[in-house]
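Some features that TrEMBL has for this protein:
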type	residues	note
BINDING	Leu175, Gly179, His180, Leu181	(6S)-5,6,7,8-tetrahydrofolate binding site
DOMAIN	34-134	domain 'Serine hydroxymethyltransferase-like'
DOMAIN	168-441	domain 'Serine hydroxymethyltransferase-like'
MOD_RES	Lys287	N6-(pyridoxal phosphate)lysine
REGION	1-20	region 'Disordered'
SITE	His286	site 'Plays an important role in substrate specificity'
Amino acid sequence: MPDPVTPQSTPENSPATSPESTAYRAALDVIGAVEPRVADAIRQEVADQREMLKLIASENYASPATLLAMGNWFSDKYAEGTVGRRFYAGCRNVDTVEALAAEHARELFGARHAYVQPHSGIDANLVAFWAVLADRVEAPFLEKTGVRQINDLSEADWAELRQAFGNQRMLGMSLDAGGHLTHGFRPNISGKMFDQRSYGTDPATGLVDYDALRAQARAFKPLIIVAGYSAYPRLINFRIMREIADEVGATLMVDMAHFAGLVAGKVLTGDFDPVPHAQIVTTTTHKSLRGPRGGMVLCDDSLRDQVDRGCPMVLGGPLPHVMAAKAVALAEARQPSFQDYARRIVDNSRALAEGLMRRGATLVTGGTDNHLNLIDVATSYGLTGRQAEQALLDSGIVTNRNAIPADPNGAWYTSGIRVGTPALTTRGLGTSEMDEIAALIDRVLTAAEPGTTSKGTPSKAQHVLDAKVAEEVSQRAHDLLQPFPLYPQIDLG
Ligand SMILES: Cc1ncc(COP(=O)(O)O)c(C=O)c1O
């Protein structure tokens, strides 16, 4: 099967006459007849995406089939409940797509159970947290009080149970080590729900220190240990994480939002595949997995019933059009070509790391084993992450700033730039292009300098970059993308 995003051109899918061009032209005509500014914005968005050298580690390009599956009548349907057990009538077609998406997910990841309703990664994590709370706090409480369901509890017992929900502990990776806000940090609801402690990384190596984590878990005795990250460039050994969780009586939850594509593509196997090790695994579907914007929960049999109560527990009605798109994207990810794609993501990430380090850049942990790198731009170039991000953007390279461990510039300005390869790998760029991109990044960040405020005082936000460098690098970034057109089969006319 050809790559679903960037197929080779054939007489059948030449951009002038391909079904995708026909579909999108017609769709834009229909939309434009009602609100032309929306049709124009959609056209502009794909034009911008085609021009961007996108290194945002959490973004990708979904296939036309995945995108088209979202624009239809499923959007109009309410379908609270689960397959075959809905609160609304007339859900047989929703049942079809939800069951298909779940089946593809189970097969792809070797999971006992898949719940494909979460609208996003945050929602998937909330479903998981409440499934664990329901299983480990609510169920024993109901048993102790001898009632079947919470509505039967006395006011006093209900108050006690609510206290118990709010009294639970979670251990998650710290933000500056690469963890995610939804893993128990105060700005997110998870931090307001749980008494949270975080584990960091070894200051010398930048790697997860499992002995320190074990000691912390023994002392803190969390209900849930969360593994998973959005900015850690190495692998996590989930077998060891499960051992630690078992030892302290915790449930192991893995948020694989970032690296689900590498699990699906069998790059992460054995100890590095979370599915056989964790009781519950959450993910987004739109990052390295290359599906529609959404979330998903995989779990073992012990949690399936609780997970299936995600709606209405914490989710609004499922989005059947997005579940249809999940089914399409997961079917794509089950093709052998996806394994090749996943391998190339990591090859490219390593090539980018080597190219950067060869030119003198310092990377957190000294390299990468996955789809992302974290450049310490403070040590390497004397810049904050904010300054570096903007200087790169001026030069046509889209990245995002990110904290590094013990970040001297804090979580807002930061000292890091995160660069990921899933999107450019989808376009077909390979290791030699990654080396050239490393050269471009190094050129911009070497030329950029910290700037000052309008009053002349040093600013962590402002930078100075020679306009000639920005222009030259933008041109080169543009040229580099030309042999790798995005959606080559689509011409919007
Ligand atoms: C590890 C991790 N979990 C959860 C999320 C939240 O995903 P969403 O934006 O779909 O809610 C993200 C998003 O960046 C993430 O990186």
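Including glycine, each Cβ sits where the backbone N, Cα and C put it.
Note that this is a predicted model, so its numbers are computed, not measured.
Recorded features from TrEMBL, shown on the structure.
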| residue | record | DSSP (3 states) |
| --- | --- | --- |
| Leu175 | (6S)-5,6,7,8-tetrahydrofolate binding site | helix |
| His180 | (6S)-5,6,7,8-tetrahydrofolate binding site | coil |
| His286 | site 'Plays an important role in substrate specificity' | coil |
| query | Taking the Cβ of Gly179 ((6S)-5,6,7,8-tetrahydrofolate binding site) as reference, which residues of that chain separated by at least 6 in sequence fall under 8 Å from it? | reply | Gly172, Met173, Phe185, Ser198, Val226, Gly228, Tyr229, Ser230, Tyr232
| field | Distance-selected recorded positions near ligand 1 (C-beta under 6 Å), from Leu175, Gly179, His180, Leu181, Lys287 | value | His180
| said: Give me the count of other Cβ atoms within 10 A of the Cβ belonging to Leu181 ((6S)-5,6,7,8-tetrahydrofolate binding site). | reply: 18
| request: Please report how many Å separate the Cα atom of the residue listed as 'N6-(pyridoxal phosphate)lysine' from that of His180 ((6S)-5,6,7,8-tetrahydrofolate binding site), as a whole number. | output: 15
| task | Would you mind reading off the Cα separation of Leu181 ((6S)-5,6,7,8-tetrahydrofolate binding site) from His286 (site 'Plays an important role in substrate specificity'), to the nearest angstrom? | result | 18
| query | Within 8 Å of the Cβ centroid of the (6S)-5,6,7,8-tetrahydrofolate site residues Leu175, Gly179, His180, Leu181, which other residues of the same chain have their Cβ? | reply | Gly172, Met173, Ser174, Gly178, Thr182, His183, Phe185, Tyr229, Ser230
| request: Grab the pLDDT values for the domain 'Serine hydroxymethyltransferase-like' (34-134) and give me their mean, rounded. | output: 97
